[in-house]
Each structure stands twice: as structure tokens, then as C-alpha cells.
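Asker: Can you read through this structure? Questions will come right after.
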Amino acid sequence: MKSNWFFLAMLAFVPVSIAAELLHWDPVVIFTTSVLAIVPLAKFMGQATEEIAVVSGPTIGGLLNATFGNATELIIALVALNAGLYSVVKASLTGSIIGNILLVVGLAVFLGGLKFKEQEFQPIVARLNASLMTLAVIAMLLPAAVHATTPQLVPGAIRNLSLATALILITVYILSLIFSLRTHSYLYELVEGEEEEHPRSKVNVPLAVATLLGATVLIAFESEFLVGAIEKTTSALGLTELFVGVIIVPLVGNAAEHATAVTVAMKNKMDLALTIAIGSSLQIAMFVAPVLVLAGWAMGRPMDLDFNLFEVVAVIVSVTIVNSVASDGRSNWLEGVQLLATYAIVAFAFLFHP
Amino acid sequence: MKSNWFFLAMLAFVPVSIAAELLHWDPVVIFTTSVLAIVPLAKFMGQATEEIAVVSGPTIGGLLNATFGNATELIIALVALNAGLYSVVKASLTGSIIGNILLVVGLAVFLGGLKFKEQEFQPIVARLNASLMTLAVIAMLLPAAVHATTPQLVPGAIRNLSLATALILITVYILSLIFSLRTHSYLYELVEGEEEEHPRSKVNVPLAVATLLGATVLIAFESEFLVGAIEKTTSALGLTELFVGVIIVPLVGNAAEHATAVTVAMKNKMDLALTIAIGSSLQIAMFVAPVLVLAGWAMGRPMDLDFNLFEVVAVIVSVTIVNSVASDGRSNWLEGVQLLATYAIVAFAFLFHP
Amino acid sequence: MKSNWFFLAMLAFVPVSIAAELLHWDPVVIFTTSVLAIVPLAKFMGQATEEIAVVSGPTIGGLLNATFGNATELIIALVALNAGLYSVVKASLTGSIIGNILLVVGLAVFLGGLKFKEQEFQPIVARLNASLMTLAVIAMLLPAAVHATTPQLVPGAIRNLSLATALILITVYILSLIFSLRTHSYLYELVEGEEEEHPRSKVNVPLAVATLLGATVLIAFESEFLVGAIEKTTSALGLTELFVGVIIVPLVGNAAEHATAVTVAMKNKMDLALTIAIGSSLQIAMFVAPVLVLAGWAMGRPMDLDFNLFEVVAVIVSVTIVNSVASDGRSNWLEGVQLLATYAIVAFAFLFHP
């Protein structure tokens, strides 16, 4: 594929960012180069995961995709969590969810809609995803709502509620995998179509495993650089950590997925485009976020699910509009415009939020 | 029916709870035995109402079910209102609504879905119920919203708004009965099917009337015991009145309905299961709550509809997810899991809410 | 048409209100007569716009309707903005949106439903309008949400966010016109049917242009009288400016549209009724409100989109229930009752809101 050359070229930012870090260059340079280095690493890690998934058969493959599909976001978040940057971690979760359902779905629907008058997709899967997303939003909203409506909180109440919520979300996530891979896999069959890109016979398993491991290690290093430079970069550029966490970090980890979703939408495979984008949001909300809560608890960096109220509002409005657009099983370019406009307004709001 | 023996056996708690009250046993014992005594009484009162309804013909019968369907909740709430326990009353209303649409619908959809791959039901009735439920939520939200967004409230403003809202809700409730029993009864015919259980010829009317009256009187006494012991029980068990009101009290009054809804769902009668559960929520919101406002006003115990903001949030999220799950006229086990998971998260949130 | 005589007779309020203003009569009289004078002027301006639109062909005509369809509201709002009555301006925007989607749609659905058992309309157009309305609500909500969740706002943040949001909304509005008039006009063709009333051959273009100009000038004068008397009138009648802005002013500007929507609904043209009412709400939210922000900025009367939180709640609940009612493409009288009941509760809430 042509685009691979582009991402291979971007790997040049890996040594540059390492040099920037070791030679103590300006934090803005360290931040920028590590951000740019993560883009191709995330791309190749995702590609290797998919190749191994193809070889492993549908069930194990589905599990692999479901677990490592957002590995980049998870690694960046773990590093930030370890550094105690709770609000950056939460903001990057919010931003990943919003970015996937507004920016990626919006671009896919808009660009697909410019090429095809009306595009159709399975409304059943769209509605199941919508109600799972609603559950995820509720899980995000309730701790913040308890916090906001309680004058004097018992110490630890929010943390205990977050732990309980995290366990419930992971349980539902596992059950939703059983649903989509086992008991009701027929509903999802029409959505498939990715395998063509990685024909089973062409997969070089040792190479894929090596790529996966190498990319994971490098992403972990780059995340350290990125997180280490984030504070000075934000103050140098006059941005808030919230804005960087919500808007910039998620763009990095998801750039490759964004490209894939838009590409398949322009091939009129809206089902696949929506599955990639909304599935990724669901994974962030129902797997990555709870794993971070549990990991934080194990690491002695207790993270709760008590998001900033404005983040909660932003996620609620995003899920509301994407459900409103997707529920009828057809899309057109104006619906893409609506999602992109919502993303723009939300991004401006975060920019002006101190 | 086999289950009747179980409920007959539970009637033993009636004399036990009376003994506990008269002999001034531990409040926790009084609370527990009166709670357990109400379960079979509510069951037999409901059964008697249905039998009389069958004999009275569809219209009067429909009215009877619509008026006495939640008589247990109404009696408990009136006793609590008379004792001035406003927040317990409101919490039990919230809890009945949430319990019916999350726990009962969730169990019915989940257990029905384990037996049948996909279950179908009339989307038109589901949507009408959804928009009535939305209206009920709006009526619950607005007084709280006026309260929360107003720095200095004129005395009596919330009470007047609650009275006006109560009158509007009762009017819409009566109109919805005219709709379902008269002008558009054909939409609801497919939902029927309960009558088989109580064949008209087998109904013993005097026995049914005697059961109804006897159960009503006993429930009123048991409610007095329950309400009298609630304060000491909550502090002895380390629970809040909000938690007891929202989670425990509603489980008691609705236990028999819960069983019925789940049973019919497992016979693939999802329409009937949803009508019982969502219909019960609607009755609480559009008939029991307004009646309590008017009764409180008449009793000199003025109750308003200014719910705790967190209760409002809980009802909003419950209605949102049940509408999201039910709007397409089909259900599967994963949707049941989503409702139950939401119930669990909401219950934890109330547990941690001080 | 018979109704024209009624509106012609109401023109008598024009000289009466001018006399009241010049002779410094009681402000309540000035307010009332100018309000009553605007009703027929708005009617004839709307009629003239439609006639010119018919002659101009579908595209230019669509643009004319889309731009001047709410000219009365725009003129009143500009005059109020120039007088610095920001909260009246915002309240009249909120009230126009709420009035159109609750009162007008509610009356149309209710009265139409009394005549026809079930009425059908194009669900695709209804859903597109629903998601556009959702976007408009988000745009209204976010500045208020930033305000409410931020302890210390950077000066100008809300104003800059409002300007950015206004530009985005106008862009989406223009794109939605391109969608409905150009790229996807076939979706809207079934909705048409208005042209019969103004057959092309009968349009007297010079008369229509003269009516348009004359009515515009007179509405501007009447608005000056109305705005000048508003403060003394509200205090004399014991009403708040919020109530007058939200409930009374919008009734005036929209009275003629209300009549049209109800009339066509009773002819079983629900598509047209919904297009008039919901389209008018969309125009207020996505065109009139942003134009006022930009005009205010140009006039040195900077208006933001930071609405009172209770207004935001009212708009959210209105859009939620109208979407819930309209999304399935069929309506009945009970759904009309639900919308009217919501309007009544919202109106009471504004009445009791200090």
C-alpha cells in the first residue's frame, strides 16, 4: 500500500525524538517529535495486531482486536497515570471517545456521502452500539453527578464507586464480546470485510509478533518523552492540559484508525467504518478506562472515574448526536457535517475552558 | 399455581411483624418482618384486583388496574408522608420507577433472551410509552431545575409549580387511559393475554373483594410498622434513608410484579412483560406521584416534586437507556445485561451517596 | 381567504399603537396594542415573502423563505438588542424555539389527530430535522456549560466561543439549504404542497414587494414601541422579563405560522405542518440567533450565546420530547397532548422562575 511509505517515512521521528529527549532539547520539540513518532508506531502495531488476529481465527482474532485495538492510548495513559497526571489521563479518554464518534464518524460519513448519495448500514448493530455507548456514558456521568450533588462526600466514596463501576463495565464488555463473537455473531457477519486486506496466506507471523513487541516498547518510550514534556509544552504554547489531553493526544493515537475508517467509508462500507470508529470509542469507555482504574489501584495511583463536569457534558452531547445520526441505518453528507460541526464547537469550548 | 403456596407461607410474617411491633422488639426486626409481610399481601391484593377487573369488563377493568395497580406503593407512601418523611416518599417513587424500568425490564429481557435468540414486541406501544415516560421525567426534572438554577426562590414557588405539574400529569394520565382503552385500543390488543390466567367463570367475586379489603388494611398497618422503624433501622445498618427509599422499599412493593414480568418474558410474551414493567413506572410517575402531591396538600403535609438532583439524574439515565433498548421492537440478552448493569451502577451510586 | 379579513381588521391596531406611543398612554396599553399590531403585519409580510418566493422559482424561493421566514422575530430581537435588553433577546429566542416545537407541533398533532386516527409523515426528513435540532441545542448548551463548570472565566472567553459557534451554525445552516434545495431536494419533494395556495399566475409582484417593505418598516416601529414599554409593563403586571420574553413575545411573531401549521395538519398534511413548525425552530436556532450574535458584535452590543441554565434545560427537554414523538413517522392525538402538556409545565416553570 502506498500509505505505508508515508508511515515508514514518519518513523524517522523515532530517532529524532530520542535525540531530542537525550540532548534535552526544547520541551516543545520533544513533545512534537514524540507525538509524530507515535503516529507510525501506532499504525504498525495496529497492522501487526490485525495480521495475528487473521491467523488466529475469528474468535481469538476478535479478542485480540478487542484487547489491543487501543493499545497506544492505553500505553500513553498508563505512563501519564504513573506520572500522576490524572487529569491528562481522563482528558485523553474523553478526547478519544469524542474524537472517534464525532471526528472519525463525521469524516467517514461526510466524505463517503460526497461520493454516494445515501449510504446504508445495519441499524441493529448501530443500535446495539448506541445503547452500549449510552451505558458507558452513564458510567462516566454517575460519579461526577454524585460528586456535584453531594455537599460533603465521605472520603473514598468516589473511588469505591469508580472501582465498582469499572468492574461492571469490564464485565459488560466481556459479555458484549461473547455476544458478538459467539451467541449473536450472525448479526456482525455483514460487517466483516477487513480480512481481504490481510490475506491469511501472506501473513508473516514472526515478523508480525516482532513488530508488535518492538512497536509496544517504542511507544512506551515515546509516551515517557511526551508525558515528561507535556507540562512545559502546554505553558509554552498557552494551552491548557485539558485541551492537549482532549484534542491533541487522541488525534495521535488514532490517526491510523481515522484513515482506515474514512477509506472504507469511501468504498461504501459504512458498516465497517462505523464499527471501527464507534467500536474504538466503546473499547476506550468499557475496557481502557476501567483497566486504568484497576491498574491505578494496583500501582498505588488511585484513579477514579470522576470526570470534569464539562467533559461529561461533551461526551453526552457527542453520544446524543451520533445516536441521532446513526439510528436509522442510513447516512448522507449533511449528517457528516453535523458531526464535524459538533466536534468543532466542542473543541472550541475546550480551547476557551480554562 | 405453585408460587401461591410460597406467598401463602410468607403470610406468616404478618402475625410475626404484629408481635414484633406490639412487643417492641428491635427496630431492625420490626422493619424486616413488616417488609417481608408486605410482599405476599401485595401479591394477593394485586391478584384480587385483576380478578375483579376481569369480571368488570375491559374498560372498567382497565381503569381498576390503572388505579390500584400500584396500591401498595401508594399506601406505604401515604403512611410515610403522614409521618413527614418527605425524602423517603420521594426516594421510593424514584426507586419504583428505576426498579421497574431497569431491574424488572432488565431481568425480563435478559432471562427471556437466554431462552430466545431475539424477542419481538410492538414498537408503536413501546414508543408511546417512551414518550409518556419522557414527559414524566420532564415533570420530575423541571421543579428541581428551577430550584437549582434560581439563587433566591420566592417562597411557595416550587410548591405551586408542583401542584400545577401534578394536575397536568393526572390529566395526561387520564387521557392516556382514554387513548388505550377507547380511541386506540386496537394498538394494545396484541399486548393482551393476561386474562387466560383468571378465567372469568372461575372468579369468586365476594372472595376477591374481601381479599382486596383485607390486604389493604393489613398493608396499611404493616406500612405503619415499617415507617416507624425506618429511622432506627437505617442508622443501625449504616444505610442512608435515600438508599432504603430508592432500593429496598420499591423491591418490596413490586416483588410480585417482578415475578410476573419475568415469567411472561420467558414465555416469549415480551409485549406483556414490557407493559407490566413500563406501565407500572408510568403509573408511579403520572398517577401515584401527583396523587401524593394532592393528598399531601389536603393532609396539611405539603409535598412538592422537587426531587434530589441525583435522583433526577438517575431517572433520566434509566429512561434514556430503556428507551434506547426498547425503541426498535426487538430485544436480546445483551440488552438485558445493559439494563441490569445500569441498575447496579445506579444502586452503587446511591449506596455511596451520603 | 376568510382569515385574511380577520388580519386586515387587526391592522387597526397599527394606528392605535402609534397614537398610544405618541400620546404617551399607559405603557401596558402601548405594549398590548403594539403586540396586537405586529400579528397582522407578520402575517402579511410572511404572505408577501411566500408570493415572491413562488415567482422566484424553487431555489431562490427556498432561500427567501429560509432567510425571511422569521423576519419578525429578527426585527423585534434587533430592536431589543439595540436597547441592550440581552436577556429579553435570548428569552425570545428560547421561547420561539420552544413555542414552535411544543405549542405549534403539539396543536397540529393534537387537532390533526382528533380528525384522523393516525397521521403519517416522512421519517427521514423528521430525523434530519431532529439531528439538526440536536446540533442547535448543543450549540446553545456548550457556552452555558462552560460558564457553569468554570470557577474563574477568562474575560471574553464566552464571547469568543459564542462568535465561533455562531459562525459554525450559520455555515451548517447554509449547507443544510444546499442539501434540501440542491443535492437531496428529492427527499423534500413529498413535503411540498404550499404552492397551491399562491398560484404563480395570480401573484402581483409589485404589490408583494410593497407589502414586504411596508410591513418591515411598520414592524420595526412597532418593535420600538413594544421594547420601550416592556420594562414598565412587566413590573405593572407582576411578570418577569424572562416570562414575557419566553412566552408572550414568541406568540406574537409566530401567530400566523401557528394558524397555518394547524390548518394544514387538519388537512392531513403532517409533513408540511412539521416542516413549518420545526423548520421555523431550526431557523431561529441556526440563523436568527447567530445573526444576532454577529449583528450585536457589529453594533457594539456584544451578545453571547450564554443562555440562562433553565432556558437551556427547557430547550433540551422540548427537543427531547418532540424527537421522541416525531421519530417514528406517525402521530396521534395523545402525542399532541404530551407536547402541549410539556409546554404547559415549561410555561408554569417560567412563570414561577424569578
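Positions of Cβ are set from backbone N, Cα and C atoms, glycine also.
Whatever TrEMBL says is automated annotation, not expert-curated.
Positions annotated as domain 'Sodium/calcium exchanger membrane region' by TrEMBL: C:28-181, C:208-351. TrEMBL lists C:29-46, C:67-89, C:95-116, C:128-149, C:161-182, C:203-221, C:233-252, C:272-295, C:307-326, C:333-352 with the feature transmembrane segment.
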Asker: Under a criterion of three or more Cβ pairs within a distance under 8 Å and sequence separation of at least 6, are the transmembrane segment (C:272-295) and the transmembrane segment (C:128-149) in contact?
Answerer: yes
Asker: Where among C:67-89, C:128-149, C:161-182, C:203-221, C:333-352 do we find the most Cβ pairs under 8 Å to the transmembrane segment (C:307-326)?
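Answerer: The listed stretch sharing the most Cβ pairs with the transmembrane segment (C:307-326) is C:128-149.
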Asker: What residues elsewhere in the chain lie close to the transmembrane segment (C:333-352), defined as a C-beta under 8 angstroms and at least 6 residues from its ends?
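Answerer: Contacts with the transmembrane segment (C:333-352): 98-99, 101-103, 105-114, 239-240, 242-243, 246-247, 310, 314, 317-318, 321-322, 325.
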Asker: Under 8 angstroms, Cβ to Cβ: which one of C:29-46, C:128-149, C:161-182, C:203-221, C:233-252 has the largest number of such pairs with the transmembrane segment (C:67-89)?
Answerer: C:233-252
Asker: So which residues does the transmembrane segment (C:233-252) touch in its own chain, when a touch means Cβ under 8 Å and the partner is 6 or more beyond its ends?
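Answerer: Same-chain residues near the transmembrane segment (C:233-252) but 6 or more away: 27-28, 30-31, 35, 38-39, 42, 72-73, 76, 85, 87-92, 94-96, 98-100, 226, 308, 311, 314, 347, 350-351, 353-354.
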Asker: Would the transmembrane segment (C:29-46) count as touching the transmembrane segment (C:203-221), if touching means at least three Cβ pairs under 8 Å and pairs must be 6 or more apart in sequence?
Answerer: yes
Asker: Helix, strand, coil: count each for the residues of the domain 'Sodium/calcium exchanger membrane region' (C:208-351), based on DSSP.
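Answerer: Looking at the domain 'Sodium/calcium exchanger membrane region' (C:208-351) with DSSP, the answer is 122 helix, 2 strand, 20 coil.
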Asker: What same-chain residues lie close to the transmembrane segment (C:161-182): Cβ under 8 Å, and 6 or more beyond its ends?
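Answerer: Cβ under 8 Å, 6 or more out: 58-59, 62-63, 66, 132, 135-136, 139, 142-143, 146, 188, 282-283, 285-287, 289-291, 293-294, 297, 303-306.
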